[in-house]
């Protein structure tokens, strides 16, 4: 949404009534209305039997390519990009470990496509492979070898690999620069190249990527028909599972009726579910998806209370009530805030009951404290706005990295994960704002501020940077673009072994950043979800693959 979780309050003036002080911002209503209120699953036993049989065929296929490492990495890449890698994690991890162990032997290969593909797959899975494997393709003047310049597939592979660069890897910076400049003139004639330039694999959400790549793979003459059939069937089965989940969430939202009762707020529960699908789409994370969708939908409403509707006095009462986390505090709130407050406490109580059943009740307190921390920063930003105070960048970012809600969402994303080993130490780690979380929060905050600047009457990083440096908005945006690129490199570095946490945890942090990158690149596709986001949701949650 427009500065989705960066709160601000209306500017107060003298001799005005409470209602005069409220800002009036017009957001479009839900584009989905009651569309998802009644979705039957429709998954048949025949479909599940077919899926299992085809899955076994793909396992056999993976085993058959054991001795041909080029065929192996091509198959692994296709499996992952088709969105079915989660079925074969054990087999893929085993294969990549073997490839990594023989990396120095196979690194003598002079095919840029193969070298870049191997590098990317290993970096994707956290292996600390060196970037100097590309030195032989770039001369001392920073020019690519002639054989690479004329190799479109190799250039595309190099582009994708160089997006996994880390700080200080100048050769990957140069590779990204060169490959991008050579691919851009070809984008209008190639859907694959155009989509890669718009969203490289490193920033692509699995379900969206699968939807696009299935149609590309279908046209590949070297495609494996069994793998293609499996990917299509799996996509459609998952879609039915997600539709059924969304039906239950849509009914909960309909019962709350906050979209009608709080007309100043954005009604975006379907968009919120789509957001969370980007964090985890696999069937086993259904409880986590349900809780996270409800949390993000409620946070969106709370953000609009601080950003659009609340007066400073009301916001202080609301903040105090949430910090107390006591239903008796509801009596101190105006009617419209009572609706939200009661729903908020009820939502966390529901999840707490679920966690008690799983003997994981301690997790809720971490999530609750992060929500309290979030609204506390909302209140501080509201005070800035009322006093017309513009902080310096350091002061702003210290608060804004929290008010961007990314840290709250990252912690909360772990609460409903069952089956995977998530411990109290993991929650302690993530709530202490580790480097990967701070880097992801920078991406969230700055991308959000750039697309929202000038739309809302609020203080943002753009204002702070312009004032502090006496520069134009264009210069500020340029600087933030550099900082976002640096933050992605920091994410890549934290992803590589040795890691500070398990992949199960780190992938949530990175996936949240990928969602932000999708929704806030160039425009606010959450606040205005009626065009781009609507079409993306249709592709993932409405239309099956034929």
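Residue numbers in this text run from 1 along the chain shown.
From the backbone N, Cα and C atoms, a Cβ is placed for every residue, glycine too.
Since this is a predicted model, take the numbers as computed values, not measurements.
Note on residue 303 (Mg(2+) 2 binding site): other Cβ atoms within 10 Å of its Cβ, all shown chains, come to 24. Residues or ranges marked as Mg(2+) 2 binding site by Swiss-Prot on the basis of similarity to another entry: 303, 307.
Annotation source Swiss-Prot lists Mg(2+) 1 binding site at 303, 307. Reduced to three states, the DSSP call for residue 303 (Mg(2+) 2 binding site) is helix.
What Swiss-Prot lists as motif 'DDXXD motif' is 303-307.
In this structure, residue 448 (Mg(2+) 3 binding site) is part of a helix by DSSP. All protein chains shown were included, and the count of other CB atoms within 10 Å of the CB of residue 448 (Mg(2+) 3 binding site) stands at 27. Among the features that Swiss-Prot reports, Mg(2+) 3 binding site is placed at 448, 456.
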Problem - Euclidean distance between Cα atoms of residue 448 (Mg(2+) 3 binding site) and residue 307 (Mg(2+) 2 binding site), Å - result: 14
Completion exercise
residue 448 (Mg(2+) 3 binding site) to residue 303 (Mg(2+) 2 binding site), Cα to Cα, whole Å, comes out at 14
Fill in the blank from the handout: The number of other Cβ atoms within 10 Å of the Cβ of residue 307 (Mg(2+) 2 binding site), counted over all protein chains shown, is 30
